[in-house]
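So the structure is just underneath, and the comments pick up after that.
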Amino acid sequence: MLAAAPLLLASGNGFATTGPAAKPAVKPVTESRGEILSLSCAGCHGTDGNSSSVIPSIYGKSPEYIETALIDFKNGSRTSTVMGRHAKGYTGEEIHLIAEYFGNLSKKNH
């Protein structure tokens, strides 16, 4: 048994113990989940929802309006070329979070 002791200690399976492992530093999340999800919208609608092209602006629209539009795109009751495909990729909860984020931007900027 004594001959095996150095092997056990070297492998970490011996009697020697150390303190608890240090926890890695965690960077706090500063963005909301809705803000993170909205990043895929920014390419067409702008980072703040205020489009500078022929794509409709969603800045200033209510969360309810945006959520209803996304749900309608998702279920096909509102026709589109691209939005239906995007909306189908989101859960109902994610659609709600995106709508809340964009719908409340104009309130934050005043």
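Heads up, the Cβ atoms here are built off N, Cα and C, so glycines get one too.
Taken verbatim from Swiss-Prot:
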- 1-16: signal peptide (SIGNAL)
- CYS41, CYS44, HIS45, MET83: heme c binding site (BINDING)
Spatial neighbours of MET83 (heme c binding site) that are distant in sequence (at least 6 apart) but have CB under 8 A: LEU70, PHE73
Heme c site, defined by CYS41, CYS44, HIS45, MET83: further same-chain residues with Cβ within 8 Å of the Cβ centre: SER40, ALA42, GLY43, SER51, ILE55, ILE58, VAL82, HIS86
Largest inter-residue Cα distance among CYS41, CYS44, HIS45, MET83 [record-listed heme c binders, Å]: 11
Binding-site residues listed as CYS41, CYS44, least Cβ neighbours within 10 Å: CYS44
For CYS41 (heme c binding site): DSSP state (helix, strand, coil): coil
All-chain count of other Cβ atoms within 10 Å of HIS45 (heme c binding site): 20
